[in-house]
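First the structure, in the form of structure tokens, and then the observations on it.
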Amino acid sequence: MSTYYFIAEALFFAFVILTFMGAILAVRARLLMHAVLGLAVCLLGVAGLYFYLGSIFLTMMQILIYVGAICILMVFGVMVGYTPQEIAESNFKGKNRFLAVAASFTGFFLLLIPLLRATFTPALEITGDFSLPWLGETLLYRYCMAFELISVVLLAAIIGAIILATGGRES
């Protein structure tokens, strides 16, 4: 066993542990802002796993879109939509917590059983040009209309979220 193999394996497990610790923090945090921070750490761990697998493009998209945009949007939503007292309160106690844990374990095992019974075939070899310039040209020329429609839908969603967040408050 070479030193490089050991380092690669240690790096993989470090990213896995970072992902799981962020997920646990996101689920177990009492404060909503801490949960968003845990989500960001979890998503950074997933980006590290993409980097480990050699997909630099997916790594950067994970960081830019999920960690950068989604987590910042969630922080913005929490700051706009809740008062400081509501952010500090946690209404996930007692019976609800037990039901959530039971549902999580049930869902986990319901997903695990088919995975253990499944047979997996090896991945096919990539043929053709799937480089980053090819992806950019395809999105902006061949699928230009779909790309623009998605932008309009996202704009409408952001405007709707702002209206919903400020609609219940009095000036």
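We count from 1, first residue shown onward.
Cβ coordinates are placed from backbone N, Cα and C, and glycine is handled just like the others.
Quick look at what TrEMBL annotates:
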TRANSMEM  6-27  transmembrane segment
TRANSMEM  34-57  transmembrane segment
TRANSMEM  63-82  transmembrane segment
TRANSMEM  98-120  transmembrane segment
TRANSMEM  140-165  transmembrane segment
Intrachain residues whose Cβ lies under 8 Å of the transmembrane segment (63-82), provided they are six or more past its termini: 32-33, 36, 39-40, 43-44, 46-47, 161-162, 165-166
Non-local residues, at least 6 beyond the ends, that sit with Cβ under 8 Å of the transmembrane segment (140-165): 77, 80-81
